[in-house]
Amino acid sequence: MVKMKKSVTRTNIVWQICTYAILLLVILAAVFPAIWMLSTSIKLPTEQYDIPPQIIPDTPTLGNYVNVLTNSKMFDAFVNSIIITVSVVVITLLISILAGYGLSRYKFRGHGVLKIALLFGQMIPSVVIIIPLYFLVAKTGLLDTHFSLILADLALTIPMGVIMLSSFFETVPKELEEAAKIDGCTGIGALFRVVLPIAKPGLISVAIYTYIHAWEEFLFALNLSTSTKTRTLPIAIHMFAGEFAVDWGSTMAASAIVAFPVLLIFLSCNRYFVKGMADGAVKG
């Protein structure tokens, strides 16, 4: 009996070791591209093709970052990305709050069909709609404008926002709204004063999803912006690639700069997400 227990224990230990080893390999495979990007961004051109390659260069330099940050075209692209991202996040949240609340609280003919249609729209890849979208935008005279890029992003972020928020709103007891209305609150007042504070985790989730999509969107920006006037950061990175050579140091530095705000948002919003979950549990 004792021998059998020892055998089972050893088997469990072997399985745990194998599991952790596989997880470690997966983590390394996921993290290594980011490490290599940061490593290349601080290398001199002469060190980028060293064999064997080095993660930590012998002479680290911030020249690539200076080259990117002092480039006027990169600054214009940064401003364009800010304008488009902020607009998309604000409009998506406003429409998703109202539409999601309506879907969760009011049952009407075609209610289920509408939800399925929203889900089905998320299954269509952007590459399928880019050609008809390009001709539509060109015909309406909106090509190479911020407005066209904002509309294109909204077509993908609003359906997902509505689906996510309607699910969160359905978890909020209707009795809380009814109690607020008895105290003299209007329907809109109950939504903004009672429902939204409880659904804060959903709002943060939609905002983060929308921000990442708009900030890193590539396909629409590549095809609907034809000049530097509306070029965003993911497209501006391409200018460091010449016809016969690529400035890998500046390219990786620009990529790191583009990725940094996304990482910053995740780190800064994580505690708000946890706090929102706690507040929702207490108020619910």
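Here the Cβ of each residue, glycine as well, is placed from N, Cα and C on the backbone.
According to TrEMBL, the protein has these features:
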TRANSMEM  12-36  transmembrane segment
TRANSMEM  77-101  transmembrane segment
DOMAIN    78-269  domain 'ABC transmembrane type-1'
TRANSMEM  113-135  transmembrane segment
TRANSMEM  147-169  transmembrane segment
TRANSMEM  190-212  transmembrane segment
TRANSMEM  248-267  transmembrane segment
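A Cβ distance under 8 Å defines the sequence-distant neighbours of the transmembrane segment (147-169), meaning residues of its chain 6+ beyond its ends; these are 84, 87-88, 91-93, 95-97, 99-101, 103-105, 115, 118-119, 121-122, 126, 133, 137, 195, 199, 201-203, 205-206, 209-210, 213-214, 217, 220-221, 224-225, 230, 232. Within the same chain, residues 103, 143, 152, 156, 159-160, 162-163, 166, 219-220, 223-224 sit at least 6 positions outside the transmembrane segment (113-135) and bring their C-beta atoms closer than 8 Å to a C-beta of that stretch.
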